[in-house]
Amino acid sequence: MSQTRGKYDFCIGLVLAMSSSIFIGGSFILKKKGLLRLARKGSMRAGQGGHAYLKEWLWWAGLLSMGAGEVANFAAYAFAPATLVTPLGALSVLVSAILSSFFLNEKLNLHGKIGCLLSILGSTVMVIHAPQEEEVETLDEMSHKLGDPGFVVFATLVVIVSLILICVVGPRHGQTNILVYITICSVIGALSVSCVKGLGIAIKELFAGKPVLKHPLSWILLLSLTVCVSTQINYLNRALDIFNTSIVTPIYYVIFTTSVLTCSAILFKEWQHMATDDIIGTLSGFLTIIVGIFLLHAFKDVNFTLANLPLSLRKDDRAANGTLLSTYDNFNDDEESSACLGEMQSTESLSARRNGSLSAF
């Protein structure tokens, strides 16, 4: 019975995670459209610290879409392990890339399409080899895990790194280095996922009739989640305003997912009970997603389609099979060119002499 229940919860978490990716992927486009409209109006841009986007309805539509995606994501963490839910965020990258090509005129070339396919394949592999996390059913158990020395060290490092990036690195290099603002969003996102997981447990206990509201951990998790999400929204808006969406989205996914996997492994010990083939499968799937995302954005400016492939292959065949012939042809062409040039110079010299020009001598 419990095994059937576990599979049922797994399927619910999987569906919620996929729907979350659709909403979140669309939210990037809506937010970017809103920010572009503000830039055309001459308003102070978010990348410069402005908050005029709060008056733009498109930005609010994107925020609501992201909110819906986060709610679905929130629920997914309550039914499935974080190591499964978080990597499926790659689907939001695909949705964002596809919608960007339609609404933001950001082209999706052949490399991008292959990258989308690889991301889907990698996500499938990760779903098949998804780990089982340690069962945490009460807030007391969650409190015990949050007090684990390993997680305390991890959380402390995240807070210190975030403060350094926000206070020192951000003002100096945030406008030119894409990693600054995205790293802030990503590492803080690892803590927000832990808060979401704890609040999911609290909601389950609340529906079971337990006095969750009297437990101090519930309010600590809610306050921490509010701070983390507010910080993420602020710096993600800055990154989207300054840099291209097709670059921000995949880099954010890779750093964020890596941070969450690390945090989840420390907090819930998901990797301790995994078989070797499942570990290899999970890592292979994640690396496949990263390669797919790299192809998706690294060659986004290369105008390469299936129509260009036969021509490219013909050029490669010529280079591989006709090297000596090409060299010989070039040599003959050079000789013919030299001969023609010599004849032209001789003709000009004779003409100059006939006209009595001193330049001929």
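Backbone N, Cα and C define each Cβ position, glycine as well.
Any TrEMBL annotation is an automated prediction that lacks curation.
Annotation comment: TrEMBL describes 12-30 (among others) as transmembrane segment.
Beyond its flanks by at least six residues, the transmembrane segment (57-79) meets 9-10, 12-14, 16-17, 19-24, 26-35, 37-38, 85, 92, 193, 196-197, 199-201, 203-204, 229, 233 of its own chain at Cβ-Cβ distances under 8 Å. Annotated transmembrane segment per TrEMBL: 57-79 (among others), in sequence order.
The transmembrane segment feature in TrEMBL is assigned to 85-104 (among others).
Among the features that TrEMBL reports, transmembrane segment is placed at 111-130 (among others). Tertiary neighbourhood of the transmembrane segment (111-130): same-chain residues 10, 14, 80-81, 83-84, 87-88, 90-91, 93-94, 97-98, 277-279, 281-282, 284-300, 302, 304, selected by CB-CB distance under 8 Å and a gap of 6+ residues from either end.
Among the features that TrEMBL reports, transmembrane segment is placed at 150-171 (among others). Sequence-distant contacts of the transmembrane segment (150-171) (same chain, six or more residues past either end, CB-CB distance under 8 Å): 180-181, 183-184, 187-188, 190-191, 231, 235, 259, 262-263, 266-267.
Per TrEMBL, the feature transmembrane segment maps to 178-203 (among others).
Taken from TrEMBL, the feature transmembrane segment applies to 215-235 (among others). Residues 63, 70, 139, 142-143, 146, 162, 166, 170, 181-182, 184-185, 188-189, 191-192, 195-196, 198-199, 202 of the same chain sit 6 or more residues outside the transmembrane segment (215-235) yet have a Cβ under 8 Å from a Cβ within it.
For the transmembrane segment (247-267), same-chain residues at least 6 beyond its ends with a Cβ under 8 Å from one of its own Cβ atoms are 25, 28, 81-83, 86-87, 89-90, 92-93, 96-97, 133, 145-146, 148, 150-151, 154, 158, 178-179, 182-183, 185-187, 189-191, 193-194, 197, 236, 239-240, 286, 290, 293-294, 296-297, 300. Summarising the annotation, TrEMBL assigns transmembrane segment to 247-267 (among others).
If one looks beyond the transmembrane segment (279-299) by at least 6 residues along the same chain, the residues whose Cβ comes under 8 Å of a Cβ in the stretch are 83, 87, 90, 93, 97, 109, 111-112, 114-126, 128-131, 246-247, 249-251, 253-254, 257, 261, 271. The transmembrane segment feature in TrEMBL is assigned to 279-299 (among others).
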